[in-house]
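*Asks:* Here you go, one structure.
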Amino acid sequence: MFDAVRRLFVNDLSIDLGTANTLVYVRDEGIVLNEPSVVAIRMDSRGAKKVEAVGIEAKQMLGRTPTNITTVRPLRDGVIADYTVTEKMLQHFIRKVTKGRMARPLTRVVVCVPYGSTQVERRAIRESVENAGARKVWVIEEPIAAALGAGIPIGEARGSMVVDIGGGTSEVAVISLNGIVYAESVRIGGDKFDEAIVSYVRRQYNMLIGEATAERIKIQIGTAFPGHEVQEIDVVGRHLAAGVPRNFTMNSNEILDALQEPLSGIVKAVKQALERTPPELGSDVAERGIVLTGGGALLRDLDKLISEETGLPVIIADDPLTCVARGGGMVLDMLDRQGDFYSLD
Amino acid sequence: MNAENETQTTGELPATATEASPGAMIRQGRERMHLSLDELAGVTKLSYHTIESLERDDFNALLEPVYVRGYYRKCAKVLDIPEKALLDAYQARVAPKQPLPPAKLRLASGADLGSASRLPVTLAIAGAVVAVLVCAVVWFARGSGQPAPQSVDAGQASIAVTGEPQATVPATEIAVPPATPAEVPATAAPDATLSAPAAAPVEGATAAAAATPGGTAPAAASVAAPAAAPAASAGSAVLSFTATSWVRVDDASGKTLFNGLAQPNESHVLNGALPLNVFLGNAPAVKVEFGGKPFDTQAFQRDNKTARFTLPAR
């Protein structure tokens with residue numbers, strides 16, 4: 001009953017502060033916000049900067065802004081690249097999800113950070129969330145949150161492998177008894193896929209396309225493993241020699257070719273994790289399989305690629321995009337049930 | 001069907017008779033594609049026993065739902081079965097189980113333990129509860145007790161007018177000399193006096209405000225004493241009028257204690273921050289007492305009978 005009364009005064013949020021998307025989970029409500037981590041900033045004639053748009057609205061402006069507006073992605077490789085803009089973005093998101101709950105003065109946040117982030121980077125994320133209006137902030141590593149959100153029973157004395165492919169980083173972790181036995185974080189993710197497509201198009205077609213177009217190509221026909229069906233997409237880019245927009249058609253095999261480099265980086269990280277996993281846990285992983293989470297898991301046949309490369313079953317978690325945020329939400333529940341947490345730093 | 005009979009295990013829901021079990025769907029799909037169990041296991045990279053358990057719908061032998069659903073998805077992709085149909089058939093047979101969070105977890109940061117985080121919230125709730133309780137007690141006291149006194153600021157100066165017994169003035173604002181045993185009924189308990197002044201009105205200006213040392217029984221604030229001569233404390237001024245006079249009295253804080261025309265036979269007790277600035281329009285008709293002693297205004301009187309002075313005199 002006490003908890004029920006206390007909840008009337010508290011906003012409990014779990015934030016997956018991702019390079020590509022920021023997701024906010026509100027306790028008892030679920031995922032209430034899933035918006036791109038993009039901020040549009042307007043500069044006036046005196047040089048003063050003002051936030052013009054945040055999230056979906058700002059992403060629509062990406063690459064289409066006049067000179068006095070710039071679109072910024074404040075996170076790169078899973079960590080904060082622009083502290084002030086990140087803070088503004090978080091302020092906007094927190095205000096958006098807590099709108100109409102003015103009677104709840106306290107905001108507690110669980111925020112997820114990449115496993116490979118440094119202490120300085122973690123502190124920056126923590127302070128940024130605090131300055132955005134959170135009274136209390138807990139930081140949790142993404143692989144743990146992803147495993148929790150996927151529904152993996154991480155408390156058992158059995159090994160589970162999670163591969164969380166986000167926008168900026170990919171985390172590979174072997175988890176047992178509520179702890180990370182081995183983890184590897186590589187700075188390869190959806191952004192690198194987009195960049196690889198942009199550079200492939202430039203190289204092969206002598207055309208220039210924007211990041212938004214590259215992302216659209218990836219989502220629509222991107223694949224990680226050669227399939228039976230070859231899909232095509234019409235793309236408009238600027239011809240580098242002629243300097244005028246031109247149409248051209250790309251197919252899924254080309255995208256597969258373009259993505260080879262970042263994909264091999266992820267596969268290498270998974271193989272390395274398997275090599276370094278203790279044999280008992282390795283056998284558990286071989287029996288149960290590798291679980292893919294994160295937006296990158298939605299790339300077609302990525303599970304097949306990793307499965308073929310490792311010889312292990314690879315499964316995609318339900319709703320992989322929201323696993324980390326949902327996992328953070330489970331941590332919030334734990335905070336109430338028992339305050340028995342071990343801290344790392 | 002044999003496979004369906006084996007599904008009735010712990011945590012499973014009874015399947016509808018018309019629905020094909022997920023195991024049956026997989027077996028049919030495998031047979032349609034002429035694949036052996038070994039071949040299907042090779043394609044999906046799942047173990048032979050896992051495929052066998054899936055076909056037998058032996059959910060107890062399988063792992064957690066997150067894995068089982070993944071296995072079904074893989075099989076659906078390989079065997080060209082609608083993924084949704086397979087997962088729906090599985091969900092219909094297994095009670096949805098919310099994964100339990102672990103008992104302990106190592107956080108990446110958080111020098112404060114989870115229990116410490118409860119402190120501010122707990123304090124806020126405790127404060128709210130106390131406020132509600134106080135409000136309830138006050139409301140109950142006002143509802144069931146004597147009528148509430150007029151609410152006047154404690155620091156506000158007050159005027160007690162003799163000859164008008166109906167005037168109700170909070171006892172806290174009246175300075176009254178200690179009552180003698182003869183004047184006050186001795187039945188009132190000492191405790192009653194301590195709490196009464198704030199809650200009960202006093203009729204007239206003669207109720208005792210405090211118990212006198214030396215065993216004198218204090219008076220209950222609600223006791224209506226007979227009207228007597230105006231009484232003043234050591235710092236108060238008493239103005240008695242024998243004729244009509246204009247009077248204005250301001251205290252040190254600039255507050256006007258009295259401003260108006262006083263009628264003959266009236267007497268006013270004035271309390272305020274000292275010194276008091278007094279202006280009398282008809283000084284010869286006003287008898288002034290300050291600190292219980294008569295104050296001579298003749299020295300301040302002008303030709304037109306007005307007088308301006310301060311109490312105490314400078």
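Heads up, the Cβ atoms here are built off N, Cα and C, so glycines get one too.
What TrEMBL says about a protein is an automatic prediction, not a curated fact.
Relevant sequence annotations retrieved from TrEMBL are reproduced here:
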type	residues	note
BINDING	A:THR19, A:ALA20, A:ASN21, A:GLY167, A:GLY168, A:THR169, A:GLU215, A:ARG216, A:ILE217, A:LYS218, A:GLY295, A:GLY296, A:ALA297, A:LEU298	ATP binding site
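Give me the local environment of each listed feature.
*Replies:* Residues within less than 8 Å, Cβ to Cβ, of A:ALA297 (ATP binding site) and separated from it by at least 6 positions along the same chain comprise A:VAL163, A:ILE165, A:ASP303, A:ILE316, A:ALA317, A:PRO320.
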*Asks:* Measure between the Cα atoms of every pair in A:THR19, A:ALA20, A:ASN21, A:GLY167, A:GLY168, A:THR169, A:GLU215, A:ARG216, A:ILE217, A:LYS218, A:GLY295, A:GLY296, A:ALA297, A:LEU298, the residues the record assigns to ATP, and report the largest value in Å, rounded to a whole number.
*Replies:* 20
*Asks:* Taking the Cβ of A:GLU215 (ATP binding site) as the centre, how many other Cβ atoms fall within a 10 Å radius?
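*Replies:* The answer is 22 other Cβ atoms.
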*Asks:* With every protein chain in view, how many other Cβ atoms are within 10 Å of the Cβ of A:ASN21 (ATP binding site)?
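*Replies:* Around A:ASN21 (ATP binding site), other Cβ atoms within 10 Å: 22.
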*Asks:* According to DSSP, folded down to helix, strand and coil, what is A:GLY295 (ATP binding site)?
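*Replies:* DSSP call for A:GLY295 (ATP binding site): helix.
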